[in-house]
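Notes follow once the structure below has been shown.
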Amino acid sequence: MEKSNNSTLFILLGFSQNKNIEVLCFVLFLFCYIAIWMGNLLIMISITCTQLIHQPMYFFLNYLSLSDLCYTSTVTPKLMVDLLAERKTISYNNCMIQLFTTHFFGGIEIFILTGMAYDRYVAICKPLHYTIIMSRQKCNTIIIVCCTGGFIHSASQFLLTIFVPFCGPNEIDHYFCDVYPLLKLACSNIHMIGLLVIANSGLIALVTFVVLLLSYVFILYTIRAYSAERRSKALATCSSHVIVVVLFFAPALFIYIRPVTTFSEDKVFALFYTIIAPMFNPLIYTLRNTEMKNAMRKVWCCQILLKRNQLF
């Protein structure tokens, strides 16, 4: 059967039709977007300009911050523009591009979080072999695998959606183009496609989440034999990552591990992994991390001293 696509334009319904609420949301999301850029750039500069870049934990954190910036930038700018626009429209081509990029960078983020959990597992459960196992070559390989996994995931979502005909209503009950809200507009039987989407998005999120949980079960089992001081240090290192994982995975699992259907709450849950998690990640990873705080002080104190020397 040939694809018959009469929809060349989609209308994004967003959060509200009330103009006052939209202006308030614009100010809020503008603040969030600026905070995301400032926080994640601060993390990246502090890591790359110090010796922390040579430690696997911070090597992955650097790439997590980069993926956060890319991921939120596929959604937030368009969302802010729509909040001030009279008609919240997006062309079919741009919708497909947004679908691909959000799942590409979202997939990368999921796999990097899994890689970071593996790094913590090796550091705590196999400390004597840590430097050998987590070599720079191994870290680079993990990042390449994360990017490849993200591409395969997003390409699958893209291919499953691009051949679906859209010839009926063109209103997407969301603030960006995602698979489930789009499939709701399809004018053909999408039962099999829905199962494939669940197998792709749902299972990836579920399997990686289970792997993350298992890694921390092994970590908790291992640190039982540690002294109180070592146990406290190990838990402090892992707690930041656990908070980020829950913040990102819990809403993603709620949305993607169910049959093809949408709820009005999906838009709120999607905010957690598209805007809230990228905004809080820098704060979560630096709040209880002495090394990260010291690196920031070192970088920015050097910058202040350089500026003073230039003035005098």
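Including glycine, each Cβ sits where the backbone N, Cα and C put it.
Since the structure is predicted, the reported quantities are computational estimates derived from the model, not experimental observations.
Under the heading topological domain 'Extracellular', Swiss-Prot lists 1-23 (among others), citing sequence analysis as support. Looking only at the topological domain 'Extracellular' (1-23), the predicted model's pLDDT averages out at 78.
If you look up Swiss-Prot, you'll see N5 (among others) marked as N-linked glycosylation site.
Marked as N-linked glycosylation site by Swiss-Prot: N6 (among others).
Under the heading transmembrane segment, Swiss-Prot lists 24-47 (among others). Long-range contacts of the transmembrane segment (24-47) within the same chain, counting only residues at least 6 positions beyond its ends with a Cβ under 8 Å from a Cβ of the stretch, are 15-16, 53, 58-59, 61-62, 65-66, 68-69, 72, 76-77, 79-80, 83-84, 275-276, 278-279, 281-283, 285-286, 292, 295-296, 298-299.
According to Swiss-Prot, the topological domain 'Cytoplasmic' annotation covers 48-55 (among others).
Taking Cβ pairs closer than 8 Å, the transmembrane segment (56-77) reaches residues 29, 32-33, 36-37, 40-41, 43-44, 47-48, 98, 101-102, 105-106, 108-109, 112-113, 115-116, 119-120, 123, 134, 136, 139, 142-143, 146, 175-176, 237, 274-275, 277-279, 281-282, 285, 291-292 in its own chain, all 6 or more past its ends. Here Swiss-Prot flags 56-77 (among others) as transmembrane segment, drawing on sequence analysis.
Taken from Swiss-Prot, the feature topological domain 'Extracellular' covers 78-98 (among others), and the record attributes it to sequence analysis.
According to Swiss-Prot, the transmembrane segment annotation covers 99-118 (among others), on the basis of sequence analysis.
Look at Swiss-Prot and you will find 119-137 (among others) tagged as topological domain 'Cytoplasmic'.
As annotated by Swiss-Prot, transmembrane segment applies to 138-156 (among others), with the evidence given as sequence analysis. Sequence-distant contacts of the transmembrane segment (138-156) (same chain, at least 6 residues past either end, Cβ-Cβ under 8 Å): 56, 59-60, 63, 99-112, 115, 118, 196, 200-201, 204.
The list of residues near the topological domain 'Extracellular' (157-193) in space but at least 6 beyond its ends in sequence, with Cβ under 8 angstroms from a Cβ of it, reads 1, 3-7, 9-15, 74-75, 78-79, 82, 90, 92, 95-96, 98-100, 102-103, 200-201, 255-256, 260-262, 264, 266-267, 270, 274. The topological domain 'Extracellular' annotation in Swiss-Prot covers 157-193 (among others).
Among the features that Swiss-Prot reports, transmembrane segment is placed at 194-217 (among others).
Counting same-chain residues at least six beyond the ends of the topological domain 'Cytoplasmic' (218-233), those with a Cβ under 8 angstroms from any Cβ of the stretch are 120-121, 124-125. The feature topological domain 'Cytoplasmic' is assigned by Swiss-Prot to 218-233 (among others), with sequence analysis given as support.
Residues or ranges marked as transmembrane segment in Swiss-Prot: 234-256 (among others).
The topological domain 'Extracellular' annotation in Swiss-Prot covers 257-267 (among others). When the topological domain 'Extracellular' (257-267) is classified with DSSP, helix, strand and coil residues number 2 helix, 0 strand, 9 coil.
Counting residues 6+ beyond its ends, the transmembrane segment (268-287) has Cβ neighbours under 8 Å at 29, 32-33, 35-36, 39-40, 42-43, 61, 64-65, 68-69, 71-72, 75-76, 102, 106, 174-176, 178, 240, 243-244, 247-248, 250-252, 254-255, 293, 296 in the same chain. What Swiss-Prot records for 268-287 (among others) is transmembrane segment, and it gives sequence analysis as the kind of evidence.
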Cβ-Cβ under 8 Å with the topological domain 'Cytoplasmic' (119-137): same-chain residues at least 6 beyond its ends: 54, 56-57, 59-60, 215, 218-219, 222-223, 234, 237-238, 241
Same-chain residue ranges lying at least 6 outside the topological domain 'Cytoplasmic' (48-55) that approach it to Cβ under 8 Å: 62, 136, 291-292, 295, 298-299
